[in-house]
Amino acid sequence: MIEVKPSQAQGSVRAPPSKSYSHRALAVSLLCEAPSKIENISRARDVIATINAIKSFGAKLSDNLTEIKIEPPQRPSIPDDVIDCGGSGTTIRFFAPISTLTEGGYTVLTGNDSLRRRPMGPIIDAINKLGGWAISSRMNGLPPLIVRGGGLKGGEVEIDGSISSQFFSGLMIASTRFERGLKIKPIGELVSRPYLEMTKEVLRRSGSHVELNEEIKVEPVPPKGLEFKIPGDYGLAAFHMLTASVTGGKVIVEDLDSTVPQADYAAIDVLRSFGVEVQEVGSRVIVEGRPKRGSKLNLKDSPDIFPIACVLASFVSEISEIRGVAHARVKESDRVANMASELKKVGVEVKELYDGLVIRGGSPKGGVKLDSHGDHRIFMALLALAAATREGCIIEGEDSVADSYPSFLEDSMKLGIDVRYNL
């Protein structure tokens, strides 16, 4: 655990590489017909799981820490061992359909305790409906998963869209190698749709063809090869923007690119909705000014911003309503319940709804112990909260930041946040 003393964030910081684009670029590069080169790739623990996965399927990597070159196999090979996805839902949901592309045999995909509680039913059902074979080893729709190889012809499939868009992205990538391509029809409301735009962008750059309308159509055009510099991650950089705001500081975040699709660009709109001053100057975002008013938000398409919105709402006396995130209950933790419990510890009025929170904030009290519940995004949000209290707070679970942003605490301290270790 760590102790965060009252602090004010000041200075500049480079945005970490996008975790979402790193996953997509690596998965697509495995299926390319020619070598790929990826620059500025994330070194987060979740992305390392994806790097290890493409190696297990036969990709050969050359890594000089600035760029990774990927030599793909002719087709994904049968892994020699179980694919350990760690805590990465993206990894297991992308590589379950990719596992159908091996010449034969079976692939077993599993992960840590958190991952083994995350639902996989939609991707299991989709693979089976398309003529493949996939099961949950415990027959409960949760990992471990067992997937048979041999290839899929493709065709049409319906998928429940209410849990995660990762199922759709995984099928979009894998289906570039299906014999007939694929048409996917979402059932119900499709959450996190902007992430599909990110998947489409990577596939487009590699030479594949995707249509995103009410239905998703993927042509059977294998990716040719990918050269891609991973942009900065708006969603992760937004935690420094949050800290700047609630501590009354000023932070400049560099190396962001709003010209490529980014689901978590929504963080900029969320900050502004609370009255925070945000300037965008080229590749820089400048944030200063405390939150001034409550906000009513629907974060259906950007659930990872939910903890940030909750902390902003905690520092304004007006009521805020943050909804549309029922699917945030099945992330690395139940983010709705866990954010509610932690905000109550610092005296914030919270009403929990099935799909979000109603929050009346003010001046959260410090001097308490907060728990990140092993969730990296909750931890980063709580650090901002703790720094903005008069007494500071102790926070458990700092190791979780390695999942997405290994240098988060180091970067926070460079901005002036007083973090104490060895408690």
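Cβ from N, Cα, C; glycine included.
Residues or ranges marked as phosphoenolpyruvate binding site by Swiss-Prot: LYS19, GLY89, ARG118, GLN166, ARG335, ARG377. Swiss-Prot lists LYS19, SER20, ARG24, SER164, SER165, GLN166, SER192, ASP304, LYS331 with the feature 3-phosphoshikimate binding site. The feature active site, proton acceptor is assigned by Swiss-Prot to ASP304, with sequence analysis given as support.
Mapped onto this structure are the features recorded in Swiss-Prot.
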{"residue": "LYS19", "record": "phosphoenolpyruvate binding site", "CB count, 10 Å": "27"}
{"residue": "ARG24", "record": "3-phosphoshikimate binding site", "CB count, 10 Å": "28"}
{"residue": "GLY89", "record": "phosphoenolpyruvate binding site", "CB count, 10 Å": "22"}
{"residue": "ARG118", "record": "phosphoenolpyruvate binding site", "CB count, 10 Å": "21"}
{"residue": "SER165", "record": "3-phosphoshikimate binding site", "CB count, 10 Å": "25"}
{"residue": "GLN166", "record": "phosphoenolpyruvate binding site", "CB count, 10 Å": "26"}
{"residue": "SER192", "record": "3-phosphoshikimate binding site", "CB count, 10 Å": "21"}
{"residue": "LYS331", "record": "3-phosphoshikimate binding site", "CB count, 10 Å": "23"}
{"residue": "ARG335", "record": "phosphoenolpyruvate binding site", "CB count, 10 Å": "26"}
{"residue": "ARG377", "record": "phosphoenolpyruvate binding site", "CB count, 10 Å": "28"}
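Taking Cβ-Cβ distances under 8 Å and a sequence gap of 6 or more within the same chain, the neighbours of the residue listed as 'active site, proton acceptor' are GLY235, ALA263, ASP264, LYS331, ARG377. Candidate binding-site residues: LYS19, GLY89, ARG118, GLN166, ARG335. Nearest to SER192 (3-phosphoshikimate binding site) by Cα distance: GLN166.
Closest to ARG24 (3-phosphoshikimate binding site) in space, going by CA atoms and restricting to the binding-site residues GLY89, ARG118, GLN166, is GLN166. A Cα-Cα distance of 11 Å separates SER165 (3-phosphoshikimate binding site) from GLY89 (phosphoenolpyruvate binding site).
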